[in-house]
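Visitor: Quick one: this structure, given as structure tokens, is what I'll be asking you about.
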Amino acid sequence: MNNIMIGRFVPGDSWIHRLDPRTKMIGTFIFIFVMLWSTSWATYAWSAAFVVLAIRLTKQPFRLYWDGLKPIFWLILFTVVLQLFFTPGTPVLLHAGPLKVTIPGIINAIYVMIRFVLIILMSTILTLTTPPTSIANALESLLKPLKKIHVPVAELSLMLSIALRFVPLLMDETQKIMNAQKSRGMSFSTGGPIKRAKAIVPLLIPLFVGALQRALDLANAMEVRGFQDATQRTKYRVLSYGSNDRSAFIGLIGFTIIFIGINFFIK
């Protein structure tokens, strides 16, 4: 559970850390968007090289990102299996009832796995190098035009900030409950999938109670400090673009242009 990196910020002084959070968020959104249009090995190789370069620029060990992939391994595997057995095409390599393994299915499964991993790694770069409050402030700034149509942008960014802070707290709380139950003889790693699923059920009630208690404590703390309206909040750190952000946007534009060129000319 402690390997889940969503919502965890690792302080640092790398080039990526110093970027404006809006730059990192825009870059992540653009990367995810272009990855959904990737149709060749060349575009996946180019995207993988871009992600590896971004990780190197964070000056953080790659093991940190690899550990972040482990908790969602089964989700990736499930998605890959669906693509492998349910993608139509020819030739058929294996046929067992309604399940078919085809060459297009294998290729599509590999593409989906690579796409999944690269998108998660890029999203992890954003969360590991940007504090949750900065992510929320960046989102509020980017969505500011929606205020004209009465979208509660400030409240949405506040909710995102709180949610991102709660994710690692809930994971740590889950690990504590699991350790306490293991000390009483409970096993979470033995038996089949059904037995393991049943072993997780006793975790839910104390975890749910703990989450409610943390939410109540947070609400009381905000009320004591006089918090009333998110729209009236001031910012301790004002967001501003710098020379690093201009360089990042140039690099991002270059990546996108090359990606489109590869995707268009290499199939």
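Glycine is no exception: its Cβ is also placed from the backbone N, Cα and C atoms.
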Visitor: State whether, in Swiss-Prot, Ala138 is on the same side of the membrane as Pro98.
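Guide: According to Swiss-Prot, which assigns topological domains, Pro98 and Ala138 fall on opposite sides of the membrane.
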Visitor: Are there residues at least 6 beyond the ends of the transmembrane segment (72-92) whose Cβ is under 8 Å from a Cβ of it, and what are they?
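Guide: Beyond its ends, the transmembrane segment (72-92) has Cβ neighbours at 99-106, 108-109, 112-113, 116-117, 120.
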Visitor: When DSSP states are grouped into helix, strand and coil, how many residues of the topological domain 'Extracellular' (122-150) land in each?
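Guide: Taking the topological domain 'Extracellular' (122-150) as a whole: 25 helix, 0 strand, 4 coil.
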